[in-house]
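Some features that TrEMBL has for this protein:
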- 240-372: domain 'GGDEF' (DOMAIN)
- 6-23: transmembrane segment (TRANSMEM)
- 35-52: transmembrane segment (TRANSMEM)
- 58-79: transmembrane segment (TRANSMEM)
- 91-109: transmembrane segment (TRANSMEM)
- 121-140: transmembrane segment (TRANSMEM)
- 152-173: transmembrane segment (TRANSMEM)
- 185-204: transmembrane segment (TRANSMEM)
Amino acid sequence: MDLATILLLYKSSLIVGAVCFAYMRCRSQEPGLDFLAAGFAVLAFSSTLAGWGEQGLVAFIMWTMGSFAAGAGGYALIAAGLVQLSSRRRWVGDWAAGAAALALVLLVWRMEWYPDNTVRAVLFNLTTAIFLAAAALVIFRDYLRDHLPARFGLLGALLTSIVFCVLAALALGAPGLGLPDPRHLFFMLIICKFAIALFVVVLVQERAEAKLKRLANTDALTGVPNRQCFLASLPQHMQPGDAFIMLDIDHFKSINDRFGHEAGDVVLTGVAQAIAGAAGPRALLGRLGGEEFCLFLRGQTEETAFAGAEQIRQAVKSLTFGPDAAAVTTSASLGVAVWNGAEDARALRHRADEALYLAKQSGRDKAVLYGAA
């Protein structure tokens, strides 16, 4: 493939990427897409300026220094955009890439390296590799946060780009090493840019799908799993040590009637947080509806399950909402049932519900173990 065709493809890949990111930014609030769009656009301008220079349409110093500065700035924007997209936030450190690009441009100007095409190209490719490597490190680190599969595709595209950039720098700076033709490496970098754009789109899409799934499975008020999610998360087969704890906030209707529904919402949220804190991260918690919550636990005995229910009851009872003069206090009734070896999750939960009914019938503000004398 001749150089003119490769350059046309290179510029086309940049324009497509810039338009794609700009469109996504209009449709999504994900941070970093604007930086990515700007970075690809600046790289397209850098390529155009270099082409004009080769044709003698602009002054030598303008296209050599200008194309190098725009190229370094473009990759700085891309690196900052990828970091913002990965971390989902903006902060002052994102401008470190821009500061590094500016320092490099000033160094090239001060040392008068810009007239030498080889030196300029080697520096450009090495700088690109460094910027992309920094972004790749952040993307890999942030995988622990959201575990999105698209991160691996994006990492693969970035790492491949880094390898080709380093090879291009070596091929240009040391032609005798027998490395691939820089034109071929340049063409592979074009493919990598398409891949980067593709996996950025996939990453944004996966985040949107994860958000929709989270909204569908989470109780909007309390932030705990809703009834549908809780029941779907239960194991299909019970095993020794499995237990359910059913909880109902005592006299919740009177709280709504006396203090208003907004106060009731505050109570529900506070109680859900108290339950989650007292039960610990190993318990599966869900809001079944209204003022009723349910917990599923594994590795329990009747004694430990009941003790856990008592701890939760005390945590709820210690809650106070509002100023002292008009404080809202809470209590809860709880029913506990531990698997007996011959029932499914629905039957076990039904036994816990029966124990909850007994707790409410016997004065409320207590925990009752199913079958206890």
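Cβ coordinates come from backbone N, Cα and C, glycine included.
The recorded stretches the transmembrane segment (121-140) and the transmembrane segment (35-52) do not share 3+ CB pairs below 8 A when only pairs 6 or more apart in sequence are counted, and are therefore not in contact.
The domain 'GGDEF' (240-372) scores a mean pLDDT of 93 in the predicted structure. It is 58-79 that, among the stretches 6-23, 58-79, 91-109, 185-204, forms the most Cβ pairs under 8 Å with the transmembrane segment (35-52). Contact between the transmembrane segment (58-79) and the transmembrane segment (6-23) does not hold: fewer than three of their C-beta pairs are under 8 Å, each pair 6 or more apart in sequence. Sequence-distant contacts of the transmembrane segment (6-23) (same chain, six or more residues past either end, CB-CB distance under 8 Å): 33-34, 36-38, 40-41, 43-44, 47-48, 51, 81, 183, 186-187, 189-190, 193-194, 196-197, 200-201.
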